[in-house]
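What TrEMBL lists as signal peptide is 1-27. If you look up TrEMBL, you'll see 282-304, 346-372, 378-398, 419-439, 451-474, 495-528, 534-562, 574-593, 605-633 marked as transmembrane segment.
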Amino acid sequence: MATPRSPSIRNFFIAAVLLLLIHGVSCFYLPGVAPEDFEKGDELKVKVNKLTSTKTQLPYSYYSLPFSRPEKILDSAENLGEVLRGDRIENSPYVFKMREPQMCSIVGRIKLDAKEAKDFKEKINDEYRVNMILDNLPLVFPIQRQDQESPVVYQMGYHVGLKGQYTAASSLFFVSKLMSMFAEIQRYHKDMQTDAARIVGFEVKPFSVKHEYEGNWNDKNTRLTTCDPHAKHMVVNSNSPQEVDEGKEIIFTYDIEFQESEVKWASRWDAYLLMSDDQIHWFSIVNSLMIVLFLSGMVAMIMLRTLYRDISKYNELETLEEAQEETGWKLVHGDVFRPPKNSDLLCVYVGTGVQFLGMVVVTMMFAILGFLSPSNRGGLMTAMLLLWVFMGLFAGFASSRLYKMFKGTEWKRIALNTAVMFPATIFALFFVLNALIWGQKSSGAVPFGTMFALVFLWFGISVPLVFVGSYVGFKKPAIEDPVKTNKIPRQIPEQAWYMHPAFSVLIGGILPFGAVFIELFFILTSIWLNQFYYIFGFLFLVFIILLITCAEITIVLCYFQLCSEDYLWWWRSYLTSGSSALYLFLYSTFYFFTKLEITKLVSGLLYFGYMLIVSYAFFVLTGTIGFYACFWFTRLIYSSVKID
């Protein structure tokens, strides 16, 4: 009776997995915060976030420019991820009432001195954008696509100002314009039973207006002639822009408009997560997956048929006692499990790769299940850091198990190297990059308090967990080799040019990189061009394909290596799939020169520094996948043949 039910159980499981992935592809997420109901007339407070620029990649605090300020500036509570992202959330003077429109509300007035005018011009020239938050929703600028039927695309924030071009009698010069007035549109979803409403949208229409007024300026009683709420006279264009220069007077104003929306509160992030080139994205991802799946299927089929023939041949020859001389991969059975040079370092890298693999898998599962909500700013980075710390347990276990198989005895030294080597390299590079950011007086610089918190997570939690894992792993019985190792190493014959280690390693990294480079484009765009990325379903599929591809290409090249009587496969298996990190860094260099407009030296150093960290982590991840695939493969084939 169990057999007829098994297809149903299997179909149910497949359907559940597909449904989960579809939810992940279609931006499935949990709200992340509890909804807040607002009655008509309730006070709404706008918070301001950092100023961002895709040209410099250096965030600055909102009040680094002389914008209008509240009486007292208060910092909002920030999690670890927000601090590392450079978010600096503060209160603002923009306060208004729920569902009560406002027109030409005056925020403040400033008269620029030389330094303030210079700061404004620099930020405008570098295309900095202002970011604000209302009810945990970021401020966005709607852009209508050329295809009117397509949905509106949102850009984060609005420009501090624009650079204009004017002609004079004898010269051509540029004048910076400041967005001195903007209209905010609050979209809300109304509960028909209680008359309460929830914020579901926060949009902006910025204008640059040179405001004028009659008489002397008075903060409370001055009435503007350029816009007047009493006469229903409002600004609808930037025909008379506000010039930024020393001695110029700037008056900040805003309008508030409320629009009822059919969008429910639980779905209010959907419009934000809509990608502007979704059709190209979907087609490219599916096409890439199909090609890689097809190649992987062919490789697997060829390997299975070839290995089956080899194993059958070897076993048949020994049964008939006709094997006068061994050939092929069986010939090196006495050396294939000989510990490699620098075996301690290999154990450390394998353990670190296990730690990184565990972090990536658990993070993706959380994201697919919707726990990493986009409303929880910095949640993804915080989750990855904490998971990395707790995965130290598995790192220590994996490194010590491999170390004991190599007949090692000093497990504490291996545990210490596993806990320190990779994080120390990353931390040193991160510290140098943070010093560069600090030198630019950017809010993106990580404070020393946060640095101390990172060091505490490292030495206070991660290092002890690595030692615990190493202790447990070393106490377990050593992994036994399927064949005995000869005392005297066998001489490796001269290899063909295409079996040279450098050539085979570089070739091996192409296919894994090909599995991810399309998705890599969208990830880089979301990071460096300040766009949302929330399609973890597709990302998880690409990651599975990456696992399969790394494993299979390493197994294939390892098989060819053993057939050519070269038994030094330990390090080569790690480097074969790990070399895909080299192509990732080269692609990031191509992306830098073709897609980004970074011109400052410090910004360029930050980009390549962070991409070097990402590439190094990718090397550790893919190298470990390839190593374990080859480790399983060699143990499988040498335990399947009869050895005298």
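All residue numbers here begin at 1 and follow the chain in the order shown.
Glycine residues also receive a Cβ, built from the backbone N, Cα and C atoms like all the rest.
Curation plays no part in TrEMBL annotations; they are all automatic predictions.
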**Request:** For the transmembrane segment (534-562), name the stretch out of 378-398, 419-439, 605-633 with the most CB-CB pairs under 8 Å.
**Result:** 605-633
**Request:** Sort out for me which stretch, of 346-372, 378-398, 451-474, 574-593, 605-633, has the most Cβ pairs below 8 angstroms to the transmembrane segment (419-439).
**Result:** 605-633
**Request:** Using a Cβ-Cβ cut-off of under 8 Å, list the residues of the same chain that are 6+ residues beyond the ends of the transmembrane segment (378-398) and lie near it.
**Result:** 32, 78-85, 87, 350-352, 354-356, 358-359, 362-363, 366-367, 372, 415, 418-419, 454, 457-458, 461-463, 465-473
**Asked** Residues sitting near the transmembrane segment (574-593): Cβ under 8 Å, six or more positions beyond its termini, same chain?
**Response** 346, 349-350, 501, 504-506, 508-510, 512-513, 516-517, 520-521, 524, 550-551, 553-554, 557-558, 604, 607-608, 611-612, 614-616, 618-620, 622-627, 629
**Request:** Six or more residues out from either end of the transmembrane segment (605-633), which same-chain residues have a Cβ under 8 Å from its Cβ atoms?
**Result:** 57-58, 346, 349-350, 352-354, 356-357, 360, 422, 425-426, 429-430, 432-433, 436-437, 508-509, 512, 528, 546-547, 550-555, 558-559, 569-570, 573-582, 584-585, 588-589, 592, 596, 598
